[in-house]
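J.: Below is the structure I would like to discuss, written out as structure tokens.
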Amino acid sequence: VEAGEEPLLLAELKPGRPHQFDWKSSCETWSVAFSPDGSWFAWSQGHCIVKLIPWPLEEQFIPKGFEAKSRSSKNETKGRGSPKEKTLDCGQIVWGLAFSPWPSPPSRKLWARHHPQVPDVSCLVLATGLNDGQIKIWEVQTGLLLLNLSGHQDVVRDLSFTPSGSLILVSASRDKTLRIWDLNKHGKQIQVLSGHLQWVYCCSISPDCSMLCSAAGEKSVFLWSMRSYTLIRKLEGHQSSVVSCDFSPDSALLVTASYDTNVIMWDPYTGERLRSLHHTQVDPAMDDSDVHISSLRSVCFSPEGLYLATVADDRLLRIWALELKTPIAFAPMTNGLCCTFFPHGGVIATGTRDGHVQFWTAPRVLSSLKHLCRKALRSFLTTYQVLALPIPKKMKEFLTYRTF
């Protein structure tokens with residue numbers, strides 16, 4: 001897709017509705033996720049079921065004329081036999097999903113010790129956060145349940161692994177706490193983070209593994225140190241509950257989405273509010289009396305860090321370019337709850353209230369050399385370190401994303 005083209009619907013997956021489930025097992029797709037290497041897609045399809053689908057999607061899901069770019073990877077998997085779709089029955093409504101980074105060599109010892117029958121491979125795992133406060137850890141390749149983490153007293157709403165591959169997992173719950181687990185130590189709980197006064201909706205770890213952002217049903221966002229597990233600062237600026245947050249790939253920016261219809265872009269190092277993206281109504285015919293019509297549900301960065309996607313209750317998926325104040329593209333989607341980019345770009349997955357998942361084309365972009373340099377530098381320099389460099393002010397402004 002060229003920047004500015006409307007996202008096209010590539011495919012839509014709908015759950016088969018097994019009748020033996022009682023109606024209380026709600027059918028929402030609260031969470032969708034791609035594995036970091038892009039080889040698997042996980043879909044919480046309602047009724048306590050998570051589907052693990054090998055990526056790219058099989059031909060039968062994709063309309064004619066869309067050939068997935070990554071089909072060549074098929075040849076590499078021939079030796080091992082192609083991976084098969086798996087169904088994980090979690091026994092409880094599934095709210096949060098997270099894949100571990102991959103590969104993570106330390107995990108070999110862990111699973112080999114507990115499961116001698118599991119081959120000694122570097123093991124990709126999926127964490128599922130459940131309605132009763134449990135977290136179940138599954139081995140993706142086999143669909144086996146590996147660990148059950150207990151501690152939360154209420155719904156586990158979101159999960160996030162440290163991108164470094166250390167198998168540290170953060171969970172966010174309606175019991176108003178975040179918990180830190182170490183999967184290399186049999187899933188030992190190593191920390192409880194308290195301080196939120198409302199349900200915690202979202203947790204996101206910065207790609208450099210230094211910070212953790214958490215959003216609860218509150219106007220302020222909490223930023224924690226992933227080194228000391230202490231609160232660094234609260235970010236104040238939203239007018240209503242914050243429900244979603246994400247770091248840019250270089251950790252230099254943090255975006256938060258709120259029921260107040262705004263996305264705020266922050267500098268996580270200074271706590272400075274860099275800009276707001278306001279979700280105005282596109283269709284004036286829609287009834288304006290409902291204040292929550294544009295309530296935001298989800299925000300996420302694209303893998304190269306030049307775009308954002310947002311899902312709101314006004315039935316639109318919006319794509320934003322980092323430096324523009326209005327969306328560059330819209331797609332109509334009803335009842336959207338969550339969105340995420342494919343790690344190699346070009347596709348956005350969205351989950352809906354009726355248990356469907358949709359795949360949309362996303363802008364494919366060649367990053368400018370300027371942006372690539374900024375991303376490389378910001379991956380290891382804080383804002384303060386950039387400001388201390390003996391370089392022209394204009395360059396500092398660019399490197400700290402102040403030149404919108």
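Even glycines carry a Cβ here, placed using N, Cα and C.
According to TrEMBL, the protein carries these features:
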- 368-404: domain 'SOCS box' (DOMAIN)
- 68-87: region 'Disordered' (REGION)
- 126-148: repeat 'WD' (REPEAT)
- 149-184: repeat 'WD' (REPEAT)
- 193-234: repeat 'WD' (REPEAT)
- 235-276: repeat 'WD' (REPEAT)
- 289-323: repeat 'WD' (REPEAT)
J.: Under 8 angstroms, Cβ to Cβ: which one of 126-148, 149-184, 289-323 has the largest number of such pairs with the repeat 'WD' (193-234)?
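T.: It is 149-184 that shares the most Cβ pairs under 8 Å with the repeat 'WD' (193-234).
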J.: Going along the chain, which residues at least six beyond the ends of the repeat 'WD' (149-184) come within the CB cut-off of under 8 Å?
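T.: That would be 30-31, 36, 95-107, 110, 125, 127-137, 190-194, 196-205, 207, 209, 212, 214, 216, 224, 226, 229.
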J.: Under DSSP, the repeat 'WD' (193-234) has how many residues in helix, strand and coil?
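T.: Once the DSSP states are binned, the repeat 'WD' (193-234) shows 0 helix, 22 strand, 20 coil.
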J.: With DSSP helix as H/G/I and strand as E/B, how many residues of the repeat 'WD' (149-184) fall in helix, strand and coil?
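T.: Reading the DSSP string over the repeat 'WD' (149-184) gives 2 helix, 18 strand, 16 coil.
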J.: Would you list the DSSP helix, strand and coil counts for the residues of the repeat 'WD' (235-276)?
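T.: Going by DSSP assignments, the repeat 'WD' (235-276) contains 0 helix, 23 strand, 19 coil.
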J.: Using DSSP, how many residues in the domain 'SOCS box' (368-404) fall into helix, strand and coil?
T.: 22 helix, 0 strand, 15 coil
J.: On the DSSP side of things, how many residues of the repeat 'WD' (289-323) fall into helix, strand and coil, could you say?
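T.: Helix/strand/coil tally for the repeat 'WD' (289-323): 4 helix, 18 strand, 13 coil.
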